[in-house]
């Protein structure tokens, strides 16, 4: 059952980083597929065709195409998406794309909602198990600690097994663990289940942005990311509001039941409606099944020039590479520390607000949760602000007529860096019971507004600065900020008892104030700093190569090239030092003679 190879012309290519950097030139170096002529057409048996079409949602016309290659192991057929391929996520109708973004944002909301909703039932957990406040707070910290490890594992697995399979498995198990937590018989089992739920349920935190990248090109991606970016912050802010009332009225077990129901409904909705979107996985599976059906050898054009990568290799890179970049690149380290401080401050609020509003003002558990309304308003304001910022950036890029610099992403971070300490100091010194309760809550509006502005702007800055290393950079940033988010609530009570409400609330404000110069420095000197950073400089070289030669470079290729450049520079510097030392010895000997 042969499919004769025919000469081909360029056709529509799938979305890659190269598409983003090259622009709209999708017609370079991609094999095309053309309908077979009647005389050459070989028909796949109807039974096999039906099975293949039902299982993999492709039509007979796809199998009947001609592809470059000979169908052998040495020269396999190279397949790509058809121009009107229904499985190409880039070609989905706009309303479907936005519906899928909404569903994935809801999945992230469900995950982060559960991280803080637990705080609404902490008093009941303390009474039920006879434990201290600090031990009960571990339910928040261990859940957020799961965010450190989960995305490092689920992100590479989603590239091997597809976004849909990873989401289906992780959210199914997270729903089961969340339901199990509702029936926990001891504090140990509750805490273990909380950690496992956070680790396994954190898949959308890394896979949702990847799904957005699968569906949207660079010109539209900013608005989609803006919509998604609110979920990781709205969830923690809404959690105590709902959790406070439910925990007070029905107890902590019903509160965990609500988390399980929220996760379960989201799991069903996303599984039913969102298709697989990752192009390399779709084409890889399609090639495998066509090889089985026809007896010929097929390969995806996206995998044709790459060595096969095992799950163990990808997991090793995913677990080690982010830390390498974090500690070797000053830009990554400084921005990640800044984001981690303000992210940890947000989670510190879950331990601090009950002290300020319930203990200090005598509010009930349910009413105390409403204190987080200010954070909700601040997050909404930041999303609106970023929608306008996205339009400003697009207009500036159009006027310039040339690629924008990464530093052009920083104006929102400059504004946000000022709003954060203003909001935190405002909150800290208006928490006196004699001051109206609305005043400190207004301070949290400015804090949350600035928090999301800084978060989004600095992440965009890192992505634009490191391009091909973006996945590892995001993993490093996510891991570090999750560690801070897990740690901050654990020492909050002791800090407030020792320093008092006002000075304890001022500590994160002083930390944020110390970080204010960073966005300004990066805006003014960022380019010079980047060119002195090993991997940032290599990313710039790769970006230039992709723009000029219209080639796609993988993260592994770029990492290897960067390491080779570093070894070459090290060797040259050692050789130069040895030569200089030898020259000095020669001069010394000449003088002595």
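Note that Cβ sites are derived from N, Cα and C of the backbone, with glycine treated the same way.
Residues or ranges marked as compositional bias 'Polar residues' in Swiss-Prot: 9-30.
Here Swiss-Prot flags 19 as N-linked glycosylation site, drawing on sequence analysis.
According to Swiss-Prot, the feature region 'Disordered' maps to 1-44 (among others).
Taken from Swiss-Prot, the feature region 'Disordered' covers 570-593 (among others).
Under the heading transmembrane segment, Swiss-Prot lists 98-118 (among others), citing sequence analysis as support.
Taken from Swiss-Prot, the feature transmembrane segment applies to 135-155 (among others), supported by sequence analysis. Remote same-chain partners of the transmembrane segment (135-155), defined as residues 6 or more beyond its termini with a Cβ less than 8 Å from a stretch Cβ, comprise 114-116, 118-119, 122, 125-126, 129, 166, 170, 187, 190-191, 194-203, 205-207, 210, 315, 318-319, 322, 347, 350-351, 471, 475, 478-479, 482-483, 485-487, 489-490, 492-493.
Residues or ranges marked as transmembrane segment by Swiss-Prot: 167-187 (among others). Through the fold, the transmembrane segment (167-187) approaches residues 107, 111, 114, 125, 129, 131, 135-136, 150, 154, 158, 193-194, 196-197, 200-204, 207, 253-254, 256-257, 259-260, 263-264, 266-267, 270-271, 274 of its own chain, all at least 6 residues removed from its boundaries and within a Cβ separation under 8 Å.
Within the chain carrying the transmembrane segment (195-215), a Cβ under 8 angstroms from the stretch's Cβ atoms is held by residues 15, 89-90, 92, 97, 100-101, 104-105, 107-108, 110-112, 114-115, 142-147, 149-151, 154-155, 158, 163, 166-167, 170-171, 173-174, 177-178, 181, 221, 224-225, 228, 231-232, 263, 274, 277-279, 474-475, 478, all 6 or more beyond its ends. The annotation transmembrane segment is assigned in Swiss-Prot to 195-215 (among others) on the grounds of sequence analysis.
Under 8 Å from some Cβ of the transmembrane segment (227-247) lie the Cβ atoms of residues 101-102, 104-106, 108-124, 205, 208-209, 212, 254-255, 258, 346-347, 350, 353, 365-373, 375-376, 379-380, 382-383, 386, 448, 451-452, 455-456, all in the same chain and six or more residues away from its ends. Under the heading transmembrane segment, Swiss-Prot lists 227-247 (among others).
According to Swiss-Prot, the transmembrane segment annotation covers 254-274 (among others).
Under 8 Å from some Cβ of the transmembrane segment (337-357) lie the Cβ atoms of residues 115-116, 119, 122, 137, 140, 144, 233, 236, 240, 363, 367-368, 371-372, 375, 420, 424, 431, 437, 440, 444, 447-448, 450-451, 454-455, 458-459, 477, 480-481, 483-489, 492-493, 496, 501, 504-505, 508, 511-512, 515, 518, all in the same chain and six or more residues away from its ends. Annotated transmembrane segment per Swiss-Prot: 337-357 (among others), in sequence order, evidence recorded as sequence analysis.
Annotation comment: Swiss-Prot describes 367-387 (among others) as transmembrane segment, evidence class sequence analysis. Long-range contacts of the transmembrane segment (367-387) within its own chain (CB-CB distance under 8 A, at least 6 residues past either end) are made by residues 120, 223, 226-227, 229-230, 233-234, 236-238, 240-245, 346, 349, 353-354, 356-358, 412, 416, 423, 437, 441-453, 456.
Taken from Swiss-Prot, the feature transmembrane segment covers 410-430 (among others), and the record attributes it to sequence analysis.
Under the heading transmembrane segment, Swiss-Prot lists 438-458 (among others), citing sequence analysis as support.
As annotated by Swiss-Prot, transmembrane segment applies to 468-488 (among others), with the evidence given as sequence analysis.
If one looks beyond the transmembrane segment (503-523) by at least 6 residues along the same chain, the residues whose Cβ comes under 8 Å of a Cβ in the stretch are 331, 334-335, 337-338, 341-342, 344-345, 348, 352, 356, 407, 410-411, 413-414, 416-418, 420-421, 424-425, 427-429, 431, 454, 457-458, 461, 492, 495-496, 529. The transmembrane segment annotation in Swiss-Prot covers 503-523 (among others) and rests on sequence analysis.
Here the transmembrane segment (438-458) has long-range neighbours at 225-226, 229-230, 233, 237, 335, 338-339, 342-343, 345-346, 349, 356, 371-379, 381-383, 385-386, 409-413, 415-420, 422-428, 430-431, 519, meaning same-chain residues at least 6 beyond its ends whose C-beta is under 8 angstroms from one of its own.
Beyond its flanks by at least six residues, the transmembrane segment (410-430) meets 342, 345, 378, 382, 385-386, 389, 439-440, 442-458, 461, 501-503, 505-506, 508-510, 512-513, 515-516, 518-520, 522-523, 526 of its own chain at Cβ-Cβ distances under 8 Å.
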